[in-house]
Amino acid sequence: MPLPLPEMQVDGEPKRLQSPTRKLVLLIIFCLAQFLDGVNNTSLLSALPALDNSMGMTSSQSTWVISAFQLTFASFLLISGRISDVYDPKTAFIGGVSGICVVSICSGFVDGKIPIIICRALCGIASAMTIPSAFSLIINVFPDPLQQAKAIGIFGGCGAVAGVVGLLIGAMFVEWVSYHWVFWFSAIVAAPVALAGVVLIPPPQVAETTDSLEPTAAKWKSLDLVGVSILTIAIILFIFAVTSGSTDGWASAMVLAPLIISILMMVAFFYWETLIPVENAAIPPRTWFYNNFSVLVVVGLLPYFWW
């Protein structure tokens, strides 16, 4: 979970003096990024038949148009959180939203099977950069616990709303114009969000922080690249197996082999986390002993397994 950054300033004033209006605008910016991630995940479900007909995709190929985004989004979410913790969440957030804008524009002009899957994978990486950084920025913009809880609740709710609205957006664009506008819609929303973020998101006061005095090599080492790499590969293999099961058959070697390997690698990841210093661990073992944390993880996964 992203840790709060040092005190942030706007025009030389501490963050506690930021106006309620500016806080509200910042929350809208963060929520729009969360909204974009949800829309990018579900909007193509409605547009997939039109896209398949246009590009002549088979059922297994069209599956990867959806899965490519989900796979990279899930795989890079952890490392993006660590980058946001160790470096600057404002830069990570703006970079992620800008990446969504650029990749979405390119996706709208792509007419090939492989390029569209690659673009979807890149969009997943960009989207993964926005969630932990936005969460960290919300914590800093809303230091009051009550306001912070409300802001985080609204932020999370936008993702759920986007999952439903994305289906409608995709259907409307396919019906009234073309599936290309499903991608361009994301770019149209992402561009002003990125520009507003550059202007309005307060920069961290890094001059007096301990992290800012660490050399770049020390920061890079603290990312727990070994653990994150193990978990990333495990997630990729797991999603590949689950996605391929419906088309290749659950008893096939192409499904069982990556599924078993992914489970073993997840076990290896959690063992690795016990061997390194707690402050460098991507997911410290003590995380699972927080009150109700394990229960919330299971409950959160249930809707996705059902879907």
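Using the three backbone atoms N, Cα and C, a Cβ is placed for every residue, glycine included.
Record features, source TrEMBL:
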- 26-307: domain 'Major facilitator superfamily (MFS) profile' (DOMAIN)
- 62-79: transmembrane segment (TRANSMEM)
- 91-110: transmembrane segment (TRANSMEM)
- 116-139: transmembrane segment (TRANSMEM)
- 151-173: transmembrane segment (TRANSMEM)
- 179-201: transmembrane segment (TRANSMEM)
- 222-243: transmembrane segment (TRANSMEM)
- 249-272: transmembrane segment (TRANSMEM)
- 288-306: transmembrane segment (TRANSMEM)
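Per-residue pLDDT, averaged over the domain 'Major facilitator superfamily (MFS) profile' (26-307), rounds to 83. Counting Cβ pairs closer than 8 Å and at least 6 residues apart in sequence, the transmembrane segment (91-110) and the transmembrane segment (222-243) reach fewer than three and form no contact. By number of Cβ pairs under 8 Å, the transmembrane segment (62-79) is matched best by 116-139 from the list 116-139, 179-201, 222-243, 249-272. Long-range contacts of the transmembrane segment (249-272) within the same chain: residues 226-227, 230-231, 233-238, 240-242, 283, 285, each at least 6 residues beyond the stretch ends and with a Cβ under 8 Å from a Cβ of the stretch.
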